[in-house]
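Taken from Swiss-Prot, the feature 5-phospho-alpha-D-ribose 1-diphosphate binding site applies to ARG79, ARG104, ASP131, PRO132, MET133, LEU134, ALA135, THR136, GLY137, GLY138, SER139, ASP200. The feature uracil binding site is assigned by Swiss-Prot to ILE194, GLY199, ASP200, ALA201.
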Amino acid sequence: MSKVIEVNHPLVLHKLSMVRSKDTGSKDFKELVKEISMLLTYEATRDINMDEVEIETPVCKTKCRVVSGKKMAIVPILRAGLGMVDGVLSLIPAAKIGHIGLYRDEETLQPVEYFCKLPKDIEERDVIVVDPMLATGGSAADALTMLKEKGAKNLKLMCLISAPEGIKLVQEKHPDVDIYVASIDEKLNEKGYIVPGLGDAGDRLYGTK
């Protein structure tokens, strides 16, 4: 079974309180999502591969550890996932970016892909899938399935807020994918919103309703 890592660092909790507030405007909301994403990335890359190299300081030669040449990719689930990309890139600037867009057919309830653009060598990369909200878990699970079908092997999922229902579904369908989240909230309401949540992340990021 995959691990679920709830990142309860004081800075994450502080910024999360502001991102939840209905009084936080779109501009500040975007910046907070970026900052929380950066802090989550710090945790999600704790097991990143490293190499030992020799460098020369102004005083002497010494050995240091640096991130290895392992390739990475960031894949946001459109559209809200785009708000997390800059925060991740601030720590992993060399990562390639893919995009996945999908929706559910109202009659069949099956996922319908409307956009998918990934690095050509996705099978060689460590992949972090990002989406601010993990509610029912359907979109995240479908995106992970699509990535695996296209060759991706080493996957992680990173979200700001999740519901227990979403975590359960992703773990059932993808027991090999670890989940990094700033908060595991109480539940989903009858409309499928996370409670207490933060509302619709996409609408708040882009000022739409």
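Just so you know, the numbers here start at 1 and follow the chain as drawn.
Note: Cβ is positioned from N, Cα and C throughout, glycine not excepted.
Under a cutoff of 8 A between CB atoms, and with a sequence separation of 6+ in the same chain, the neighbours of ASP200 (uracil binding site) are TYR193. DSSP assigns ILE194 (uracil binding site) to a strand. Each residue contributes its Cα atom, and for GLY199 (uracil binding site) and MET133 (5-phospho-alpha-D-ribose 1-diphosphate binding site) these two points are 9 Å apart. For the recorded uracil site, residues ILE194, GLY199, ASP200, ALA201 set the reference point as the centre of their Cβ atoms, and the other residues of that chain within 8 Å of it by Cβ are PRO132, MET133, ILE161, TYR193, GLY197, LEU198, GLY202, ASP203, ARG204. For ALA201 (uracil binding site), the nearest of the binding-site residues ASP131, MET133, ALA135, GLY137, SER139 in terms of C-alpha separation is MET133. Rounded to the nearest whole angstrom, the C-alpha distance between ILE194 (uracil binding site) and ALA135 (5-phospho-alpha-D-ribose 1-diphosphate binding site) is 6.
DSSP classifies MET133 (5-phospho-alpha-D-ribose 1-diphosphate binding site) as strand under the three-state reduction.
Comparing the binding-site residues ALA135, ILE194 on other C-beta atoms within 10 angstroms of each C-beta gives the minimum for ALA135.
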